[in-house]
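A.B. asks: Provided herewith is a single structure, encoded as structure tokens, for subsequent inquiry.
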Amino acid sequence: MRWAIVRFPGANCDEDARFALEKAGIRAEFVWHTERDLRGFDGVFLPGGFSYGDYLRAGALAAKSPVMEAVRRFAEEGRYVVGVCNGFQILTEAGLLPGALLANLNLHFTCKEVGVRVERNDLPFTRLYPRGQVLRLPIAHGEGRYYADPETLARLEGEGLVVFRYAPLKDEADYNPNGSLHDIAGIVSEKGNVLGMMPHPERAVDEVLGNTDGLPFFLGLVREVAR
Amino acid sequence: MEALAKEIGIPEGEYREIVQRLGREPNRVELLLFKVMWSEHCAYKNSRPLLKALPKEGEAVLQGPGENAGVVRVGEGWAVAFKIESHNHPSAVEPFQGAATGVGGILRDIMSMGARPIALLDSLRFGPPEEARSRYLLKGVVSGIAFYGNAIGVPTVGGDLYFHEGYRENPLVNAMCLGLLREEHLKRSRASLGRPIYYAGAKTGRDGIGGAAFASRELKEEKAEDRPAVQVGDPFLGKLLMEATLEAIELDLVEGVQDMGAAGLTSSLSELAHKSGLGVELHLDLVPTREEGMTPEELLLSESQERMVLVPKEGKEKALEEVFGRWGLDCVPVARTIPERVFRVLFRGEVVAEVPTEALAEAPTYVRVGREDPEVRRLRETPIPPLEADPQEVLRRLLASPNLASREAVYERYDHQVGTRTALLPGKGDAAVLWIKGTRLGVAAKVDQNPRYSRLHPRLGAMHALAEACRNVSVVGAKPLAYTDGLNLGSPETPEGYHELAETIAGLKEASEALGVPVVSGNVSLYNESGGKRIPPTAMVGVVGVLEVDKRAEMGFRRPGEVLLLIGEERGELGASEVLYLLTGKEFGHPPRLDLGREKAVQEAIRDLIQRGLTRTAHDVAEGGLLLALAEMTFPYGVGATVEVREEGLEALFGEAPSRVLFTVEKTRLQEATLLLEERGLPYRVLGETGGKSLTVLTPGGVLEWSLEELLSAWKAPLREVLDG
């Protein structure tokens, strides 16, 4: 099992992604943003950060980089693509996932742990979670408010493409940290192979970090191949 | 030339010294070189003779003061580089960019040592939060730190924040950074003879010209005119520069590294040459620029951000250029080391300046006569009047007071987890803990200083700062290894200002010797005054320690039914305390006494308790006293406690004193814990037990009880309103 982690200039969660993938026993390799060939990889991970300084709009410039053509082909072949945080923003900017990620309602970068409910567990990313489980995952973004037009939202809901939704950890009323529509924290493509999410599962994979709720996400990717 | 010297603020005596050292009159460019290199910011003219007295040696020390950062050994071949630096003056004029470039600057200092930056801490001081200007500055500074730190991907894991009238006109913004390196990758600012010196990173523009000199004078009214002296930060470029620099070091391509900070090319190249015992010839025409028609003065003094100086190893020039080229950055030779010990500058084929490197680097120093401000003495000796207050009410109000309220609204703006090393998140422990992956080692860091203590007693205040930072590091389970100090004070040119500087350093020396923790790096920012009002002497002390990462203590009660103990005396003091300020609106009295021998023993005891697995929950008793510390321990996990306080009065409930630590232990192991404390001859008391949803305190005057919810909301609201409002 071999995954590529795309290194855009300005990405800063690339090492964290490698840490998490390797922790799950997956071979992870960095791929430069100018790479045009992703053959030989079982999956592609678009890490968080500030690709190209997030100039213009978060993810907008990265979406036009040479590697994204290869990622598009990779996705069309039905292989797995995961975008976390800035990676999710890049996927929406590239049109690989619908909708957009707007500035948080509080207009501030926000870093904290939030509750994230697993809405479906028939995907490799979530197969090791019970459906409905509320995970404790870190967020760290300034532009994470998921937005889509009403038709798109209806389609996402109708086809069950919402994979992760913000949810209360205890009974807090303000559990949605950024004002995302329908509390959406992560969505998947119709074919179920392209996943984008704002929370960071790769930051929650070790006891030392005080949180292991993200580890099954990566272990799930491994089981996919063994199947 | 003498007239020009006078105009740009070079004292007559220093001008004569320049002429004597050169053996001739300087030309205009040379005069400007002296102006910036002999600024207090670069030359430590007033502080250097005093700083000599500080202990700098220690078992763990790999690099002491004098380089871009200090370095300590932490084990298994790993070392940590760290330093604190001020960016006060720029932040007063333009808080967002001032703070952002402060972060960028300290990151480059750490990179220069060959270390990957793994954590940032920020020590901030503002005027009262009710005032519009303080709010404006606080919001700008927090946004600037977030802007730079979040984007470059170095987590901001801790710091401290105080509001005090003394910082109304002169806010303080100090940034501390920790970097991780393999011992063998340690780099210094050095070059061998005949080597080309490369300029790498951003192109040079006209921004920040004269910033070092700007940082060395008092803030005057016409602040807007100072804007050109403030630099502009670009974290994206900073990130590329960081990755390229670290890659070059990893590939063993460079023999020396130096960041380009205050006083730009002038300082970085002349110091590199001076430290190497050589001279340097700089060709200004080779410097990459982003503006047309820049003069030699502008090129030499520009403080454009995101620039580094690198000296490639012989034969590695091309490889170095390739690494930077891959990251899309300029990396060009602009200078060469030469045997004559001079800083020679060429522009369009002509020598525009030639000055002995030693003359530039060794500025004259000053030893002055200090005198205590009689007003400070009067305040310190003012007796504490009898205070009447309902403790039930006081705790709520203390929790909501600016200096004790939750900092969550601040640290939520910072990415504190990127890098996946943060083992103790902000708000969870008394110090931040960073995990060194691939090992079971952790590094703890904390920065501390109390302006009330320091204002009323500069020497004792500095001792408290170092003692408390060491205590906080110990309370999470780490052994303090060394410290960095950010000395922020008023003008040393007044007897009162000089007295405060001398006393502050004397206090650090005393505490450093007693606790066995040496200084390895630091920064001095003087002239923090306006309208004749000095800031409180502010020695921000950042301590770094090492621990086994699996044996770390948090501050929050986690389980009901654990026994709660206090090491140290129950009773604190009211002088200079937060509760005194809350009840009287004034700051006076003698700050708490500090017995450094006791302090050391308490720190060793709590480390030992954690090490032996007797406790996983510990917290120091600091500002606001015992009840405030207890309330803080209930917040992280929402577990309450019931305790008994035997002494009477506000001194017992809210009085402040050092050398006190609260911790919990399972009932079955209580005896082991108390035995350990008895063997060490330390006073302790069993206070009570954890559990429930309230904080209940039995006192000689009756029972006090608060629901955790009411305390939590009182504590969390105030800074939220300031920052989110």
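Every residue, even glycine, has its Cβ placed from backbone N, Cα and C.
As annotated in Swiss-Prot:
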| type | residues | note |
| --- | --- | --- |
| DOMAIN | A:2-227 | domain 'Glutamine amidotransferase type-1' |
| ACT_SITE | A:Cys85 | active site, nucleophile |
| ACT_SITE | A:His200 | active site |
| ACT_SITE | A:Glu202 | active site |
A.B. asks: Tally every other Cβ atom lying within 10 Å of the Cβ atom of A:His200 (active site).
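C.D. replies: I count 28 other Cβ atoms within 10 Å of it.
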A.B. asks: For the domain 'Glutamine amidotransferase type-1' (A:2-227), what's the model's average pLDDT?
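C.D. replies: Mean pLDDT for the domain 'Glutamine amidotransferase type-1' (A:2-227): 96.
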A.B. asks: Taking the Cα atoms as reference points, how far is A:Glu202 (active site) from A:Cys85 (active site, nucleophile) in Å?
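C.D. replies: It is 11 Å, counting Cα to Cα.
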A.B. asks: What is the interatomic distance between the Cα atoms of the residue listed as 'active site, nucleophile' and A:His200 (active site), given in whole Å?
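C.D. replies: Rounded to a whole number, the Cα-Cα distance is 7 Å.
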A.B. asks: For the active-site residues A:Cys85, A:Glu202, work out the Cβ neighbour count at 10 Å and name the residue with the minimum.
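C.D. replies: Ranked by other Cβ atoms within 10 Å, the active-site residues A:Cys85, A:Glu202 bottom out at A:Glu202.
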A.B. asks: So, in DSSP terms, is A:Glu202 (active site) helix, strand, or coil?
C.D. replies: helix
A.B. asks: Could you check what DSSP calls the residue listed as 'active site, nucleophile' once collapsed to helix, strand or coil?
C.D. replies: coil
